[in-house]
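Asker: Pasting in a structure now, in structure tokens, and then I'll have a few things to ask.
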Amino acid sequence: NPSHNSLVVLPALSPSPKVRGTHPDCSVVLHFQEREAECLERIRSESQTPGQEGCPTEWDGVSCWPALPLGQSRAVACPDIPHVFKKSKGLIQRNCTEWGWSLPSPPYHSACQLETLGSNNDTEAMARHFVTMSTLYTCGYSTSLAALLLAIGIFSCFRKLHCTRNSIHVHFFTSFVLRGTAVFIKDSVLFSDESIDHCTMSTVTCKAAIAFLQYSVLANFYWLLVEGLYLQTLLLLTFTCDRSYTWGYVLVGWGVPMVTVGVWVLTRLQYDNHGCWDDYSSPYWWVIKAPILLAIFVNFLIFLNVTRILAQKIRCPGLSKTHKQQYLRLTKSTLLLIPLFGVHYVVFALFPEHVGVDARLYFELVLGSYQGFLVALLYCFLNGEVQAEIRRNWGKWQRSMESNVFNLATQDFTA
């Protein structure tokens with residue numbers, strides 16, 4: 001009876017949208033796209049059943065309104081999306097009239113209370129913020145790549161610097177070069193074209209870029225672990241330069257990340273093959289996170305053990321001053337890097353991915369981009385052995401040039 005409108009209350013279509021992107025905006029976009037696709041599928045199925053009277057199923061951009069007989073009313077709850085609506089218990093009602101669906105009453109912005117857009121949420125301000133951050137980490141990775149390539153060249157060119165310790169340093173530098181390169185590749189694939197929606201991108205190229213980035217990050221942590229393992233071996237074996245462990249170190253530094261990323265890729269292909277695999281809320285992200293946390297934990301134990309061994313050796317009365325200086329020089333770089341690389345990762349790993357997004361981005365992108373430069377500085381440019389070898393070769397080159405100039409002048413004079 002039209003005079004007695006029946007009211008049907010519908011629950012929210014989804015209790016909480018799954019976050020499938022690196023930024024909360026992506027979760028909102030994907031939530032509405034999924035709800036719209038479900039509603040359009042329902043509309044298509046109903047269109048194949050002719051003769052229905054009243055108001056057909058309709059998608060209004062926010063909610064899906066199922067078909068309703070003429071003269072009846074229906075109400076839906078506000079979508080439970082924290083980044084968009086403050087209230088999730090509000091109700092929006094629409095009537096089925098002779099002229100079709102009535103307008104939502106009260107409107108969504110009134111019933112659900114849209115989040116106010118302050119200075120922190122302003123679109124233009126956020127765009128400027130991300131542009132600034134992008135510029136900072138681009139400069140950081142560029143500086144790191146230049147320093148790392150120069151350091152690799154120094155260790156490769158000078159024959160006297162060829163030993164297991166410096167070989168491990170070169171592998172460590174290479175992992176940073178791969179990491180910086182992977183970041184630039186990921187940015188060029190995901191964000192070079194503003195017309196492409198990176199929230200819904202799901203191409204082989206972007207997935208390969210993300211997989212390469214994860215491999216380089218894992219290699220970073222595992223070559224830092226190798227640095228710690230080798231430092232402990234040096235202290236225990238009293239500075240032997242034994243190459244018998246080199247292949248074991250290579251297997252740990254490059255092999256473990258390769259196996260881990262391979263398992264992660266197969267898992268995503270089989271069970272969670274959506275988007276561009278750049279979402280950190282997926283439970284399968286632990287395939288990557290757990291090995292990193294394991295490497296950090298083992299490195300922390302090495303840090304404690306090396307500190308203990310070093311304290312014992314320095315207190316040893318029979319140890320010469322030269323050996324004490326050698327112990328200190330070889331350990332200070334690794335002992336500095338182990339907590340520096342691991343602390344922030346452990347802190348953030350204890351919290352959900354949506355907590356402290358700004359701080360996380362700053363540490364991982366801006367400060368993280370200069371880690372390669374710091375590694376090159378500690379292991380190469382401030383290394384006394386490297387400095388002495390450079391000075392020796394520089395002096396040798398100068399004497400050679402002076403000799404060539406003298407010979408040329410004498411030849412011209414005698415001619």
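Start at 1 and count along the chain as shown; that gives each residue its number.
Placement of Cβ uses the backbone N, Cα and C atoms for every residue, glycine included.
Sharing the feature lines straight out of TrEMBL:
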DOMAIN    38-116  domain 'G-protein coupled receptors family 2 profile 1'
DOMAIN    133-383  domain 'G-protein coupled receptors family 2 profile 2'
TRANSMEM  135-156  transmembrane segment
TRANSMEM  168-185  transmembrane segment
TRANSMEM  221-239  transmembrane segment
TRANSMEM  246-266  transmembrane segment
TRANSMEM  286-306  transmembrane segment
TRANSMEM  327-350  transmembrane segment
TRANSMEM  362-382  transmembrane segment
Asker: Give the one range among 135-156, 168-185, 246-266, 286-306, 362-382 whose Cβ atoms make the most pairs under 8 Å with those of the transmembrane segment (221-239).
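Answerer: If we count Cβ pairs closer than 8 Å to the transmembrane segment (221-239), 286-306 scores highest.
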Asker: Sequence-remote contacts (6 or more beyond its ends) of the transmembrane segment (135-156), Cβ cut-off under 8 Å?
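Answerer: Here the qualifying positions are 162, 166, 169-170, 173-174, 176-177, 180-181, 183-184, 365-366, 368-373, 375-377, 379-381, 386, 390.
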Asker: Take every residue in the domain 'G-protein coupled receptors family 2 profile 2' (133-383), average their pLDDT values, and give the whole-number result.
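Answerer: Per the prediction, mean pLDDT sits at 81 for the domain 'G-protein coupled receptors family 2 profile 2' (133-383).
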